[in-house]
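Engineer: Provided herewith is a single structure, encoded as C-alpha cells, for subsequent inquiry.
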Amino acid sequence: MRWKLNSSVYKRMSSKELTTILNQDIENSAKVTSLQENGNPPWNLSLPHICVATLISFLFGYHVSVVNEPLESISLDLGFAGNTLAEGLVVSTCLGGAFVGCLFSGSLADGIGRRRSFQLSALPMIIGAAISASTNRLEGMLLGRFLVGTGMGLGPPVASLYVAEISPSYVRGTYGSFIQIATCLGIIVALFVGIPVKDAAGWWRMCFWIATAPATLLAICMEFCAESPQWLYKRGRIGEAEAEFERLLGASHVKAAMAELTRSDRGEDGDSIKYSELLYGRHFKVVFIGTTLFALQQLSGINAVFYFSSTVFKSAGVPSSLANICVGFSNLSGSIIAMLLMDKLGRRLLLLGSFIGMAVAMGVQAGAASLHHLSSGTIYLSVGGMLLFVLSFSLGAGPVPGLLLPEIFPNRIRAKAMALCMSVHWVINFFVGLLFLQLLEQLGAELLYSIFATVCVVAAIFVRKNVVETKGKTLQEIEVALLQTQ
C-alpha cells in the first residue's frame, strides 16, 4: 500500500502537518500489517549496503597503520631522517585532519544525506593518498596526510549512523560490529602491505597508492546503495523513505517501519538543530552519556598500549612487525566474538564486561611493571596482559560506543550528536598520543598503568549506572522509551 501524497504536497507541508495527516492512516494500518508479517525482516537485503558502508572503516584502519613500517623509508627518501618532530607530524597530521572532518560530518550528513557524505569523504582520501604517494617533499606528505585525515574524520561517524539506520533491529548489533572488524582488517592489511618496505626501494609509495582503490570503490558503489529512510523522512520525502524501506526490509515490513518512524517523530519539528542545543534541555543526558563513553574509551589507555606494544615485544625478542600483527589479530579475534554476541548478550553487558576485563589486564600490566628485575616470567606477564587488554577492548569498549550512540540519539539530533562525540574522541586521542611518553617517563609504567586500570573501573561503574540496553529494539522504540524517562 502506497502513501497517497505526492512530492508537490510534501514540499508545501511542514513535518508536523505531514505527521498529523499520516498518523491515523499509519497507526490503523500498522496493526493489520503487523498481523500479516511473519517473523523479522530478511537480513540479507541490507547486507550489501552495510558492506559498502564499512569500506570507510577499512580505510580508517588502513590509514591509521599505513606509516608504521614505512616511516623510516619515507624519512630517508624525503630528507627528514632523524627529525623526530617531522616523523611525529607525518603520523599525527591525520589526527588534526580527522578532527576538522569530524566537526563537519554532522552538518554534512544532515544536509546532503548519508550516501553523498560517504562519497564526499572518499574524495579527500583518494586525493590525499595520491599526493602522499607521489610527493618528493615533506610538505607534500603532510598535505596528503591532512587530506586523508579529513576523510577519516568525516566518514566513520556517518558509517555509524548509516549502519544503525538501515539495519533490521534484530541484527543491528551484528552489523554494527562489522565497523570494528573492517577497521581491524584495514590495520592488518596495512601491516602486511608494509612488510616489503625494507627490501624494496620506494615501496612506501605503493602503500599509499593501494589505499586509493578501496576509496574509489566506496565512492562508486555508494551510488547504488540505499539512502537512510530516517534522513529522507526527516527531510519530508516520505515516499522515498517508504521506497528505501522496501529495498532494505522487504515490502511486507514497510508499513510497520513507517508507523514506528512516525510515532517517534511526534512533537518534533523538522528544523535543523544547533550544536549549542545539544548541551542543554532534554537531549543533554544522552549527549553526556555519548561524550563520556568516548572519553573513557580513549582515557582507558588503549592507544598507549598500541604505542608501547613494540617495545614490550622487542624485550621478549619478538620483531616489531610480528608484534603489531599479534596485536592486530587479537583485536580482530575479539571483534569477531563481539559480532557473534552483540545481539545475544546485548550492548550493555558486553560493554560492562569489556571495561572490567580491561581493568584486570591493566592490573596485570602494572604488576609486571612493578617487578624491577627483568625475567622471562615478567616479559610473558607483560605480553599476556597487553594481548588480554586488546582482546577485552575489542569485545565491547571498541565496537559498542559507535553502535550504541546512534541507537540512543533521537533522529533529529543523531548526526550532529555523533559528530560532537567523535570530536571528543579525536581530541583525547591526540592528547593521549602526545603526552603518553612524557607521562611514562615522569610517572613510571606501574603508576601510569594503575591510572589506566582505575579509569576502566570508573568506566564500568558509569556503564552500569547510565547505559540502557538497546538489543532487539527499533531505533524508534529506543527513542520513545528514552524520551518517556526524561
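Cβ atoms here come from the backbone N, Cα and C positions, even for glycine.
Automated prediction, rather than curation, is the source of TrEMBL annotations.
Take a look at what TrEMBL says about it:
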| type | residues | note |
| --- | --- | --- |
| TRANSMEM | 45-65 | transmembrane segment |
| DOMAIN | 49-471 | domain 'Major facilitator superfamily (MFS) profile' |
| TRANSMEM | 85-106 | transmembrane segment |
| TRANSMEM | 142-163 | transmembrane segment |
| TRANSMEM | 175-197 | transmembrane segment |
| TRANSMEM | 286-309 | transmembrane segment |
| TRANSMEM | 321-342 | transmembrane segment |
| TRANSMEM | 349-367 | transmembrane segment |
| TRANSMEM | 379-405 | transmembrane segment |
| TRANSMEM | 417-437 | transmembrane segment |
| TRANSMEM | 443-463 | transmembrane segment |
Engineer: Can you name the far-off residues of the same chain, 6+ from the ends of the transmembrane segment (45-65), with a Cβ under 8 Å from a Cβ of it?
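Structural biologist: Contacts with the transmembrane segment (45-65): 94, 118, 121-122, 125, 129, 148-149, 151-152, 155-156, 158-159, 162-163, 166-168, 175, 178-191, 194, 211, 214-215, 217-218, 221-222, 225-226, 247-250, 324.
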Engineer: Please work out whether the transmembrane segment (349-367) lies in contact with the transmembrane segment (443-463), by counting C-beta pairs under 8 angstroms that are 6 or more apart in sequence and asking whether there are at least 3.
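Structural biologist: Counting Cβ pairs under 8 Å (6 or more apart in sequence), the transmembrane segment (349-367) reaches the transmembrane segment (443-463), since there are 3 or more.
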Engineer: Between 175-197, 379-405, 417-437, who has the most Cβ pairs under 8 Å to the transmembrane segment (85-106)?
Structural biologist: 417-437
Engineer: When each of 175-197, 321-342, 417-437 is checked against the transmembrane segment (379-405) for Cβ pairs under 8 Å, which one has the most?
Structural biologist: 321-342
Engineer: Which residues of the chain, 6 or more past the ends of the transmembrane segment (321-342), have a CB below 8 A from one of its CBs?
Structural biologist: 65, 68-69, 173-174, 176-178, 180-181, 184-185, 187-188, 191-192, 194-195, 306, 309-310, 312-314, 350, 386-387, 390-396, 398-400, 403, 471
